[in-house]
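Trainee: Positions annotated as ATP binding site by Swiss-Prot: Ala47, Ser48, Ala49, Gly50, Ser51, Gly52, Lys53, Thr54. Annotation source Swiss-Prot lists domain 'UvrD-like helicase ATP-binding' at 26-488, citing sequence analysis. For 515-802, the entry in Swiss-Prot reads domain 'UvrD-like helicase C-terminal'.
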Amino acid sequence: MKLIPFLSEEEIQKLQEAEANSSKEQKKTAEQIEAIYTSGQNILVSASAGSGKTFVMAERILDQLARGVEISQLFISTFTVKAATELKERLEKKISKKIQETDDVDLKQHLGRQLADLPNAAIGTMDSFTQKFLGKHGYLLDIAPNFRILQNQSEQLLLENEVFHEVFEAHYQGKQKETFSHLLKNFAGRGKDERGLRQQVYKIYDFLQSTSNPQKWLSKSFLKGFEKADFTSEKEKLTEQIKQALWDLESFFRYHLDNDAKEFAKAAYLENVQLILDEIDSLNQESDSQAYQAVLARVVAISKEKNGRALTNASRKADLKPLADTYNEERKTQFAKLGQLSDQIAILDYQERYHGDTWKLAKTFQSFMSDFVEAYRQRKRQENAFEFADISHYTIEILENFPQVRESYQERFHEVMVDEYQDTNHIQERMLELLSNGHNRFMVGDIKQSIYRFRQADPQIFNEKFQRYAQNPQEGKLILLKENFRSSSEVLSATNDVFERLMDQEVGEINYDNKHQLVFANTKLTPNPDNKAEFLLYDKDDTGEEEESQTETKLTGEMRLVIKEILKLHQEKGVAFKEIALLTSSRNRNDQILLALSEYGIPVKTDGEQNNYLQSLEVQVMLDTLRVIHNPLQDYALVALMKSPMFGFDEDELARLSLQKAEDKAHENLYEKLVNAQKKASSQKGLIHTALAEKLKQFMDILASWRLYAKPHSLYDLIWKIYNDRFYYDYVGALPNGPARQANLYALALRADQFEKSNFKGLSRFIRMIDQVLEAQHDLASVAVAPPKDAVELMTIHKSKGLEFPYVFILNMDQDFNKQDSMSEVILSRQNGLGVKYIAKMETGAVEDHYPKTIKLSIPSLTYRQNEEELQLASYSEQMRLLYVAMTRAEKKLYLVGKGSREKLEAKQYPAAKNGKLNSNTRLQARNFQDWLWAISKVFTKDKLNFSYRFIGEDQLTREAIGELETKSPLRDSSQADNRQSDTIKEALEMLKEVEVYNTLHRAAIELPSVQTPSQIKKFYEPVMDMEGVEIAGQGQSVGKKISFDLPDFSTKEKVTGAEIGSATHELMQRIDLSQQLTLASLTETLKQVQTSQAVRDKINLDKILAFFDTVLGQEILANTDHLYREQPFSMLKRDQKSQEDFVVRGILDGYLLYENKIVLFDYKTDRYDEPSQLVDRYRGQLALYEEALSRAYSIKNIEKYLILLGKDEVQVVKV
């Protein structure tokens, strides 16, 4: 069809007016209409939380398709695979609806083609696009298309370590080994090895991977801070700060003398106050920096006289105490600032003195990093395995260096769209620039929700365009979506109240003004005073505890507060548990939260990413078992294995065995002592009684058999042999939380199998890999198990982004911000490059022998201090945005939960607000969310804030006050009469006589098989057959049935049956790792694991499998793996119509997606067919059985059923 012109500004305005005057219940806002229809220039849509940005994107795409644009001409980048799937589903519905509504034949045909092409559209993450791009164009850089992605963190770490040690050895033995040795020692710390340097190298490498060209950034920007260091300018800045601080101090003391000092006329401290004022008065306009520094030194010295009490107002008069306390508090604040400035003078002097040495160290570091980056890049090319960032770098390299490729994409894409633009990093931004023609970008995001700085996302990319487009519309169009269609007015008012007073350009990176404030738009939610946001504080004064370290007890109090509110919502207001979310900034306290909820019987569902897999007890036992099999001379691991439930040695037995040392040896490992005990070669052999000797023999025999088995067999087989030999898998299944424990053990075997499939072989390397993961303080993700259906959601704020819940509790408001980055030896900045702490060796000048002649001094470089200030502002801004995301998840009511001493919090004093914002020092000195909220509550008391605070003490949190969860026992009342045995043998004999009569009457029931499979009874549902049940099911077992025998086939060619292909295909679909990007190479590797012959493998069409995952259903499965269940066995009781007897149906479901209110069931079929309807009729009954089983199991009636037909050249997905 011909392209239909896009709307002009005048036409858009008319559309806005028509919409405003329409009688629609839910109208589009003027800004939404503008965002949907504006064209011909770059557009930035700043979409606040809940403003309908996904709706706008979908409508804009639909409008462009309706005007003749092809879906293949749109590049649409989403932040997650799930978001891409949801957008495709939304588009599928909208396009289908448009086709039904229009009478235009050309448009119908055009939209029909777009619907067919939708699965292949460029809608997805940047990672998925770059993978496909490199697969297609990688040959330009000599990259084979069958590359794989290094998604396994342990494998990546192993490769990284190997390359690091190679580069390390080359530098350690190279020409510059002396300067390199200095670099090594600079980061060695107490460890005195390479680990400190390695940690910093990996940190810098991760940062480099987020740049569009790592080597270029290393050469151009890494040393930028050293090159532009200006100590004269820094001294001038410091002098200005000293000048201002001294003036502030003078103003404070003069005010005190003029107003309050008369109350303390004879106080000794006033003489020292006058001395300080005299010192400050000695300064004038001609005073230089030296003079200011000298006065500062004398003022600080005076304050430290009399053990620091020279300026303290020590008045004890009750009526004057508040006045004295206020003076003393302010004086401390003033001198704390002066003390910091005094320290900065000394630090700046050291920085200048050691600047040359630090720069030399940085150059050595730059050389090492350059070699490491290149060596690691080459190693990954040899392995043909890359990180996602590598794929992006190669994509950029091709687009930059091959104009014909770049121009073909620029010509192809009518528009380059990106969602969640605030979380874009510099690689992605460069790629978007290269794909665009310069004026066809559509960017949607919200800088207030940029919370992925730890992944190198840079909100300033968004902010720079926001400011530029706002100032100059010729640069691009800025559209603001402020209306919130998600939350109640109470939630929005509270959020606005907080951020209007908290966030500005100085601290927060944006000014929270009318461009960013949330506007209530959900007319379905009427105002309700009960939904006013609450700031709940557990009062620590009531606990009687003084130890700050006793966090567990205090958190329990906070959690009891939360549990009380949850039970109130659930039992008094009828709120389902699944409508409640508990949000945390980190998972550090999740164990205590889960324990508290469990104690009160409240069901909970976590976000499934605990990342404490290696810390689970059952996995630790297995890892120690593998360590012992590899090397039994490891005492800790050996004791752990012996004490484990697999062998159950107690302390007494281990003590007896540990005393079995040979007389002629000074030291022996425990294993050697066990050998001595078996040989009775110790003087303490009398301690080994018969029972212990037999137990020891069994242990040693089993251990020897495992060690022997490990040599020729795979890790997977070894692990399962251990499980089976000692019934350990079954044992953990009987423990509390058994299914999760078994899932962990099952995952250990699978991870070992994946490890060996990744070109890494052997028990030794597997153990080394695990130890490296633990050493790096990393962990593997815990294994998910089926969550309860109605449960409170516990998740991190990061995980909650994009979600919404009626009731939201933000927990741990008192948890301190993570400032680990600011304590690092290295801080990086895109503007300044490397900031580093330099370890200087200084002479002390000490004469006495007991004093050290030299000391080591850690001196932060000038760039380090600059980067530290930049990092502090960026970190606080990110924490503000994190709080914003958390608060805007709530639909109805918001609870902010913290704890603290009421007395101390009420006594806190804060500087006055400035321009309606908290004082910048108040904001920058906050340690947690609670400090911000409390300061706002106190400073803006008169403003009638839309959230209230209240303290809850122990007296309100007793077990009786909290209450209990009302539960009904599922057990029926039992009657002992039902269990009485016959009193006499006579009664038993009479019962036996009745058996024959009973058997005759119920012959049909006796002949009914007690267990049947869906394939046996699917014939019940075939329209040409009898529906009676027993007779049909019994046909397969009929005595009168003719028996036929196949003649033997003597041909040498291996025959492959359809059943074999079907079984192998099912096993393949079960084994596919859906957490990784699916490629032909990864499927080929998975196919090798399938237990079948090579002839069968050759018959399986992997392209067809890949094609399935490009369908709408396939994409839905990939995007919802946390809801996915594969190869699930089931049993179901059914009643036979003829005999009226129950029988069991057993089968295995190929897979299903379990959502809250629906289930998507799918079944693979490899049968040959002419028309899909043939298989639909054939398997309709079987799917009906599956549907019944799922419906009974989950009490869900909405079940979608699909057949995935693999019997033809092209895969077909048919809804039944």
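Just so it is clear, glycine is given a Cβ too, placed from its N, Cα and C backbone atoms.
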Trainee: Would you list, in sequence order, the residues of this chain other than Ala47, Ser48, Ala49, Gly50, Ser51, Gly52, Lys53, Thr54 that have their CB within 8 A of the centroid of the site's CB atoms, where the site is the one recorded for ATP?
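Mentor: Near the ATP site, beyond Ala47, Ser48, Ala49, Gly50, Ser51, Gly52, Lys53, Thr54, sit Asp446, Leu481, Asn484, Phe485, Arg486.
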Trainee: Report the same-chain neighbours of Lys53 (ATP binding site): residues 6+ apart in sequence with Cβ closer than 8 Å to its Cβ, ordered by sequence.
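Mentor: Sequence-distant Cβ neighbours: Val45, Ala47, Asp419, Val444, Asp446, Leu481.
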Trainee: Tell me the Cβ contacts of Thr54 (ATP binding site) under 8 Å, same chain only and six or more apart in sequence, or just say none.
Mentor: Ala83, Glu86, Leu87, Arg90, Asp419
Trainee: Please compute the mean pLDDT of the model over the domain 'UvrD-like helicase ATP-binding' (26-488).
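Mentor: Computed over the domain 'UvrD-like helicase ATP-binding' (26-488), the mean pLDDT is 91 on the 0 to 100 scale.
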Trainee: Got a sec? Which of these binding-site residues, Ala47, Ala49, has the most Cβ atoms within 10 Å?
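Mentor: The largest 10 Å Cβ neighbour count belongs to Ala47.
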Trainee: Going by DSSP, is Ser51 (ATP binding site) sitting in a helix, a strand, or coil?
Mentor: coil
Trainee: Determine the most Cβ-crowded residue among the binding-site residues Ser48, Ser51, using a 10 Å radius around each Cβ and all protein chains in the structure.
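Mentor: Of the binding-site residues Ser48, Ser51, the most buried by Cβ count within 10 Å is Ser51.
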Trainee: Using Cβ-Cβ distances, find the residues under 8 Å from Gly52 (ATP binding site) that belong to the same chain and are at least 6 apart in sequence, listing them in sequence order.
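Mentor: Non-local contacts for Gly52 (ATP binding site): Gln32, Leu481, Glu483, Phe485.
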